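**Student:** So Swiss-Prot lists the following for this protein:
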- 24-254: domain 'Phosphagen kinase C-terminal' (DOMAIN)
- 27-31, 92, 125, 176-180, 207-212: ATP binding site (BINDING)
């Protein structure tokens with residue numbers, strides 16, 4: 001695996017899969033926060049300690065193979081351009097917070113299912129991504145990597161509290177489980193606000209596509225647990241999965257309601273968006289996201305034939321500003337990005353139809 005490959009292949013292997021409930025659930029993510037006993041927390045570290053953690057991972061973990069994820073490569077933030085960092089964020093491989101650090105790094109698996117972020121809010125954050133609703137499978141893989149790392153380092157752990165983390169909400173298991181979910185039916189029926197209120201009352205968090213502070217572009221929402229103290233990993237996963245399954249049922253009911261009461265209006269909306277995507281010469285990211293959401297809904301409901309349902313996930317990544325500029329070989333102005341975005345979408349749809 002090389003940096004060029006990571007940058008030039010915008011679609012990670014995990015994005016190409018069709019996991020359970022993938023008509024509504026786009027992806028499942030598990031993140032484990034860990035700190036090392038011998039170092040101060042990242043928020044209090046000096047430059048030398050952050051470099052020592054990087055060197056530890058360079059020595060013990062790079063070019064090592066862990067099946068089924070392949071070899072691991074270490075990407076140091078201060079050796080990447082701002083554009084390369086942005087691409088990693090847009091591919092969901094690192095957090096925006098890590099991208100802004102000088103001495104952060106990412107240990108990335110060849111399959112891109114696994115990324116271990118170094119010197120972010122915690123010393124390490126192990127992230128595992130799967131398509132569809134596969135929280136248990138993602139947790140199993142994250143624990144596999146966690147055990148692999150723990151053979152070489154000693155974690156900060158308290159017998160009564162659990163894993164010690166920088167943020168109090170992560171103390172305990174250090175587990176943050178999240179699901180990326182496409183909810184156009186609930187948005188169109190104006191039920192989404194009520195659903196979000198119910199989710200929040202259950203102690204869960206609802207965010208946009210790139211996490212905290214981001215928008216819910218293309219009717220895509222991220223639902224995750226908030227507290228970890230006093231609950232086992234299995235209980236956290238079971239509780240989140242139960243809520244997600246209820247949201248899936250609510251979304252399916254909303255879609256059925258729209259088809260029953262407004263079928264021709266919905267079909268018109270889908271085909272108008274399809275027409276915009278297939279013919280536009282300039283398109284901004286927000287409009288593209290909304291039209292792609294409509295197209296995906298049309299595919300799921302059978303209005304549109306011959307186009308893969310994965311096109312939403314794929315083009316939501318491919319048309320992000322960083323990846324467009326990476327493909328172009330350098331910075332682009334807003335209008336140039338809109339032109340390239342429209343061109344890429346037209347070409348992708350043409351390939352699908354042929």
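Easy rule for this one: first residue shown is 1, then count along the chain.
A Cβ is built for glycine as well, from the same backbone N, Cα and C atoms used for every other residue.
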**Student:** Can you work out the mean pLDDT of the predicted model over the domain 'Phosphagen kinase C-terminal' (24-254)?
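**Tutor:** Averaged over the domain 'Phosphagen kinase C-terminal' (24-254), the predicted model reaches a pLDDT of 91.
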**Student:** Note down the number of other Cβ atoms within 10 Å of the Cβ of residue 178 (ATP binding site), including every protein chain shown.
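**Tutor:** Within a 10 Å radius of the Cβ of residue 178 (ATP binding site) lie 22 other Cβ atoms.
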**Student:** Per 10 Å Cβ neighbour count, which of the binding-site residues 125, 207 ranks highest?
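**Tutor:** Of 125, 207, the one with the most crowded Cβ is 125.
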**Student:** Across all the protein chains here, work out how many other Cβ atoms are within 10 Å of the Cβ of residue 30 (ATP binding site).
**Tutor:** 26
**Student:** Where does residue 30 (ATP binding site) sit in the DSSP three-state scheme?
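**Tutor:** Looking at the DSSP assignment, residue 30 (ATP binding site) belongs to a strand.
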**Student:** For residue 27 (ATP binding site), what is the tally of other C-beta atoms lying within 10 angstroms of its C-beta?
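**Tutor:** Other Cβ atoms found within 10 Å: 24.
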